[in-house]
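Q: Residues or ranges marked as ATP binding site in TrEMBL: GLY393, ALA394, ASN395, SER396, GLY397, GLY398, LYS399, THR400. Annotation comment: TrEMBL describes 386-574 as domain 'DNA mismatch repair proteins mutS family'.
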Amino acid sequence: MKPKLNPEAKAIYRAITAEIKKRLSLPGSEAHLERFSLTNDPGEIRERQEYLRTNLPKVRPEMRGLISKVRPIRFQKEFLSDRVLLIDESEVERAESLGLCHVTTDPTEAQEYPIVLSTLGYGVDVELKPQDIAPELYLLPLWKNRGTLEALARIGEMTGERSVAPDILDALEKFGEVMERESVLESLDELIAEKEHELNEKIGERLENFSLTLSGKELLNFLTQLREGNYDAIFRHFSGIEEEILELINRAEHELSERLGTAVEVFSREELYPVRVAPESIEGLRRLLERELALERYLAARETLEKIGPLIPKLRYEIERVHELDFLLAVREFTEGFSFPGVWEGGIAFLQGRHLFIENPQPVSYVVGKKPEELNVPGADAVRDEGIVILTGANSGGKTSLLELITQIEILFHMGFPVPAQKAWIEPLDELFFFRRKKSVYGAGAFETALRSFVRALRGKGKKLILIDEFEAITEPGAAVKIIGELLKVARERGFLVVIVSHLGEDLKKELPFARVDGIEAKGLDENLNLIVDRQPIFGKLGRSTPELIVERLARTSRGKDREIYERILVSFGRGV
Ligand SMILES: Nc1ncnc2c1ncn2[C@@H]1O[C@H](COP(=O)(O)OP(=O)(O)OP(=O)(O)O)[C@@H](O)[C@H]1O
């Protein structure tokens with residue numbers, strides 16, 4: 001069963017889950033936190049603890065960078081217009097229902113497509129299944145997510161849980177070669193423009209050098225022809241250089257062919273300088289390359305998918321597991337130094353508990369209900385397994401913070417998490433109530449609302465822990481003693497656990513002999529005249545509110561007449577400055 005929390009306890013639950021969520025690196029990992037919603041089933045709590053004990057040590061902070069690189073790999077259906085499926089009439093319906101490409105029964109029509117797939121022995125042989133018809137739809141997402149695969153491979157090495165990612169990356173290499181050619185195709189215009197420019201520079205240079213070897217007269221002659229743009233005349237006289245230029249063009253085209261993986265002839269031979277490429281020849285080349293590549297890519301994808309296909313289910317599992325690791329890492333970081341509480345009967349106790357949201361808190365040990373043997377902190381002898389405790393003591397002593405700490409420990413325990421204490425013993429609860437001190441001190445409204453909530457908390461049966469912060473602030477002390485007295489008697493009769501913060505400890509103690517009164521006390525003033533408070537409550541001892549320390553501080557910090565008065569007050573406490 002899920003234990004019930006009142007709104008203020010719920011706010012603490014939300015603050016705790018927010019702490020874990022803010023440590024997650026990936027969207028989607030939150031789902032794992034939902035598996036840790038509150039439960040009071042001791043078996044379930046133990047199982048969760050066992051799971052965390054085994055799995056938390058597997059994650060390390062160094063994994064965070066890798067985890068954050070993992071992206072979901074989605075395989076999506078798409079209609080591919082570069083291929084046709086040539087099939088028998090009887091297969092048309094089934095082929096069309098796949099919705100992956102054009103379908104025809106006419107071989108002539110099929111010839112128009114770069115890729116012809118067929119069950120009839122034309123083109124590439126296929127069966128009517130997506131892996132055969134559109135293997136790229138599986139391969140492309142994997143290729144684009146190589147970063148994810150590399151991260152998975154490294155995470156696998158770190159956890160010792162072997163990943164399939166390295167095998168997939170290996171298999172993808174061949175497909176990568178085709179993808180590489182495809183990226184060259186995308187920059188075809190620049191590639192050719194670059195070659196054209198390079199070629200013209202080379203030819204220009206050749207021409208310039210050549211002119212230097214002419215005699216003065218020849219030079220004048222050729223300069224005139226050059227000026228007139230009459231290159232043909234020059235070339236006629238010097239057919240040697242024409243050959244050289246043709247050789248330069250051939251070499252440039254050869255280099256392009258190597259780069260593009262197909263025979264390229266794009267530079268005109270008629271006009272040798274400057275060399276130009278006609279836009280139509282680039283377009284023609286592009287179409288040719290696209291056709292060739294489409295088929296090549298299809299074949300590479302199909303071959304690669306045969307190796308990778310069986311690994312995909314494991315890959316999906318691994319990506320899900322990374323979300324789990326992300327969650328575990330967040331929990332590990334949040335619960336660093338915490339301990340797993342034992343399932344206990346008859347209350348809650350903890351050693352050296354540390355408030356989650358106070359920086360460098362003083363650790364505090366506490367018990368409500370049955371005291372474990374091991375809780376042998378100083379003063380614990382005074383504990384008589386009381387289920388009803390009145391917490392008293394110095395202003396700003398840490399009473400509210402202690403109620404918060406108890407709530408935090410309870411909530412983490414009921415989630416199955418470790419708790420911020422050196423050791424803890426906790427009984428699963430049906431209900432947890434935390435009533436904060438109400439800000440509106442005056443007005444019957446606040447009093448009525450608070451009283452109603454307490455009475456509601458005391459209704460019914462079950463294991464309950466009720467934490468109340470200073471109820472008397474909203475009514476007169478006399479009435480408060482009567483009301484609290486009666487409420488706590490009801491709580492005791494029903495076996496509920498209660499911690500109530502009150503300054504009326506003395507009066508309540510008389511009224512409620514079964515209750516324990518604990519006190520937090522100030523020990524003195526430090527060199528800056530701040531109160532030194534020992535946050536550890538003393539069991540069974542009323543906490544003095546030590547107003548004389550405040551008087552002492554005022555006496556020490558004031559002058560003249562004021563000081564005289566403070567000193568007189570101090571003397572009445574039996575103290576001097
Ligand atoms: N264990 C602790 N270690 C360090 N600081 C603490 C601890 N507990 C409380 N404090 C700090 O002491 C201050 C007062 O705490 P808190 O409000 O809990 O006291 P309180 O006794 O409820 O005060 P009041 O009497 O005004 O209600 C807070 O600033 C809190 O951060």
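Residue numbers in this text run from 1 along the chain shown.
Glycine residues also receive a Cβ, built from the backbone N, Cα and C atoms like all the rest.
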Q: As a test of the contact definition, list every same-chain residue at least 6 positions from THR400 (ATP binding site) whose Cβ is closer than 8 Å to its Cβ.
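A: ARG436, ARG437, ASP469, VAL501 - these are the non-local Cβ neighbours of THR400 (ATP binding site), listed in sequence order.
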Q: Return one of helix, strand or coil for GLY393 (ATP binding site), based on DSSP.
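A: The three-state answer is strand.
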Q: Per DSSP, to which secondary structure element type does THR400 (ATP binding site) belong, with helix, strand and coil as the options?
A: helix
Q: Between GLY393, GLY398, which of the binding-site residues has its C-beta surrounded by the fewest other C-beta atoms within 10 Å?
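A: Counting other Cβ atoms within 10 Å of each of the binding-site residues GLY393, GLY398, the minimum falls on GLY398.
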Q: Neighbour count, 10 Å Cβ-Cβ cut-off, for LYS399 (ATP binding site): what number do you get?
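A: That number is 27.
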Q: Do any residues at least six apart in sequence from ALA394 (ATP binding site), in the same chain, have a Cβ closer than 8 Å to its Cβ, and if so which, in order?
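A: Long-range Cβ contacts: ILE520, GLU521, ALA522, LEU531, VAL533, GLY543, ARG544, SER545, THR546.
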